[in-house]
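Undergrad: I have a structure here, written as structure tokens, and I will follow up with some questions on it.
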């Protein structure tokens, strides 16, 4: 066979060669460099050398042509062997042939490579005109047999594995088969049919360009993570090609017809007509083509177009969803039904509980609903690591491809098991700020089709937007649940809980208020509260609107029947986001029963106290008789013991009097005073004398400042003495050993001021206003260690007030001592 020089063909062949060479390098750089990737890269490299050397042979350059033809034979011989190795390892990546089998399979190729350097395989001569004379050698048929056997074995191997492959892997095989079909068909037409049947031999040089089909489609199947179904691509390409060709033919006919019409009409070539035709094509061709392609899409791919459009629309509106049930319903009625999916489930992050829980299912058994996946669940971890959709078929393909490590294989098996447990063909993660907030699992399509890359891309976009919607919906759910919970607490409370606007009108009214006051909510909402004293109510409203909080105000109201109800009221302002007071929150407790209990308690304390006082009086009397010797002489030990008993009796007497006073205070009764003219100095002197031994025991100095004249008051001697005893008793408790207590008296114009200062532990500023409250103790642990019930200062305040005076406390802080100052009006009689 004679091949004449053809520089154009040489250029195309070199282009094909360098394209295959680039593809070989690209596969090697971009792939995972598995055995199958390396085999196919070498296969493409062989294609590249074959095309380049064929281009050199067609160049007609002396010395290059003959060498190139010989070299192209050498480069072509190993191709069947390399393709067989690739077929054995595709798509998993690992060659399954044993080393021995690979060696045996390589022997025929090695022998043929050696023979290709001789004329036994191909005889090449350069003619005088630069043409090449190529004659097959006697071993050419052996080479042809090698080619057919190895490529047939590779094809059979690929087809057998295609039959048992998963759906995702089958798509990769289809790409390979389609590329091989195009390469084979093009090669047969250009290299066999045209030269043999029609004598057209110059197109033989373009045959190697067809190798780009096989190399390109196979490279795409290797490198692309997710593939489109090639059948859809073929259908679309065919449909678009027919539309484009048909439209082009219509335009050509129109233009030719227009040109003929103008020529017949004007008798010569009409330049303006050509310009108008060109403008018409430029303006209308592309829009018409796009409209026709859209029509084809709607006609043949309507279902795919529809559900992709629906998913895009959902993605835009899903952010406005604030209710989880609405979100689930949206997924159910759109994604599941439009895409015709067999089943679906939604898992949401429950961060407080530490798991993901199935919140909604469609087409799945009830046992799946409520299913929980922990944070360390293999599927959850895999989704977080991949940050991508997980497809069951892809997991199965990875397992068939023998993962790199046993640990990786074990993990993939667990991920597969979780997907199968959820009956999921795909799991789509929903991330928000890098945190996995939800998982959407979808079952197989009812049509049996796989999820295309477009499907997964749309679902990932949807899931991304759903992440925001899920968080918003969960926040809305939490707020709603909290609101309902608080509203239930308010409604079921036994206390009256009412909100008012700034004008004092009722905005809300709970069940407890209805029980206490007897009114239904409809009777009071929008009006002023019934039964509240007008002046006191207005004053309370005004205080709260000024920003005060009214706490534990004891007041009264009326029941619907007219009965009086004692209540304990707390009111606080309601503020908006800007801090402005917009209303009032009121809690009212019916203290009718508490008042009854208080009365019973006061009566009990009064009776008990008087009963205790009755036997104590003769006890103290006889102790005094024993001590002064009226009942006989006693030795020192006996006298000392009796003094202790008498002191404790006085202490008990003081406690009983305190209890009696407390009972009177609790009953809102004034203290009973036995007033008489007396000098305040005498009270101080008597109290100091009584406590002097105790002060000496603790080494505390008690200093009384000289009195400014003899200041007389009208008062109850016993009760004023109790005031001094309580004040000095506190100093005795809280002043450390070596400390000092000073007592000063002065006339402040119409009143006597008594100041008791000590160097004790002091009082913090926040406690100063509370130390006179009932049972209030600044430091309960210290007080328990020193004794006391926390009523001494309360009794002192009430006694001083009963005498028309005032009492207050001063302290510079902890460790700085305390001053208690009280005043009693001066007696002018």
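Keep in mind that glycine also has a Cβ here, set from the backbone N, Cα and C atoms.
Owing to the predicted nature of the structure, the values given are computational and were not obtained by experimental measurement.
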Undergrad: Among 98-118, 287-307, find the range that TrEMBL records as transmembrane segment.
TA: 98-118
Undergrad: Excluding the flanking five residues on each side, which residues at least 6 beyond the ends of the transmembrane segment (98-118) place their CB within less than 8 Å of a CB in that stretch?
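TA: Same-chain contacts beyond the flanks: 70, 73-74, 77-78, 80-81, 84-85, 137, 139, 142-143, 146.
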Undergrad: What does DSSP give as the helix, strand and coil breakdown of the domain 'PAC' (551-603)?
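TA: Helix/strand/coil tally for the domain 'PAC' (551-603): 12 helix, 30 strand, 11 coil.
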Undergrad: How about long-range neighbours of the transmembrane segment (67-86): same chain, 6 or more residues beyond its ends, C-beta under 8 Å?
TA: 35-36, 39-40, 42-43, 46-47, 49-50, 53-57, 59, 95, 97, 102, 105-106, 108-109, 112-113, 116-117, 121-122, 124, 132, 134, 143, 146-147, 149-151, 153-154, 157
Undergrad: Across the domain 'Histidine kinase' (607-828), what does the mean pLDDT come to, as a whole number?
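TA: Taking every residue of the domain 'Histidine kinase' (607-828) together, the mean pLDDT is 82.
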Undergrad: How many helix, strand and coil residues does the domain 'PAS' (482-527) contain under DSSP?
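TA: DSSP composition of the domain 'PAS' (482-527): 22 helix, 11 strand, 13 coil.
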